Amino acid sequence: MTIITDDALEKLKKVRLFVLDIDGTFSLSGKLLPGSISFAKKVKNANKKFVFLTNNSNKSIETYLKEFSNDKIKISASQIFTAGIETAEYLYEKFGPKKIYIVGNNEIKDIFKKAGHTIVENNPDIVVVTFDTTLNYEKLAKASIYVSKGKLFVLTNPDLNCPSEIGPIPDTGAIASIITKTTGKKPDIVFGKPDPLILEMIMKKHNVTKDETCVIGDRLYTDILLGKRAEVLTVLVLTGEAKKEDITNIKPDIIANDIGEISEHIR
């Protein structure tokens, strides 16, 4: 059952753009979660829009499009924003093409190459840490050595764990904590949610105000905190990480069992 106040319901009526998390909110391990299709249909029928904003930097937009390929739902590349792409493009805009050592899978390396960077194993300018299912001791050792020598230390996102069908697994923040413990150095730059910069960019692109934007996600310290920092309406869904009993300091405006429940209130 959805927990929603009259005030939040009135705010929801004004929303023109829904910004959704993916893993644990819309899908999990590549499979659509309950209510995802009904939500997408309701938003379309109401002449509103939705986009995805994910801290999962391990996947390319093409991979997500394949996962979402479904006769009942149509997703375009322009609807997907990832922390990995944001990181690669920002570093290029700020520093130009750089030699980068990446703790991450091949897909994220391809993203950085497309942005104009060179991926190297030795003598990098920047160390980028991201979600890595191929993580090993050699990668951690190399990254730690480069960071200890003063190379720029960058995270694509701060998440400590990533939801999966079998339970939480280590994410970027957990991997980076090993490097921090080893070197005594904290990351120089951390991208992704809950930094409101990327949300502000999305809002500007879609020409919507704060009152016309709603963030929906399953994590309090990334999704909901992002919405709070950006001063937009927030919805917590209970299909991923957070449970009702976890809600303390960071309070969502609306709580729903799944994203489909929200569609019942979209007008």
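Heads up, the Cβ atoms here are built off N, Cα and C, so glycines get one too.
Because TrEMBL annotations are produced automatically, they should be read as predictions rather than curated entries.
The active site, nucleophile annotation in TrEMBL covers D21. Residues annotated as Mg(2+) binding site in TrEMBL: D21, D23, D218. Annotation source TrEMBL lists active site, proton donor at D23. Residues annotated as substrate binding site in TrEMBL: K193.
Annotated features, which come from TrEMBL, shown on the structure.
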{"residue": "D21", "record": "active site, nucleophile", "Cβ within 10 Å": "27"}
{"residue": "D23", "record": "Mg(2+) binding site", "Cβ within 10 Å": "24"}
{"residue": "K193", "record": "substrate binding site", "Cβ within 10 Å": "27"}
{"residue": "D218", "record": "Mg(2+) binding site", "Cβ within 10 Å": "27"}
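Put simply, of the recorded positions D21, D23, D218, the one whose Cα is nearest the Cα of K193 (substrate binding site) is D21.
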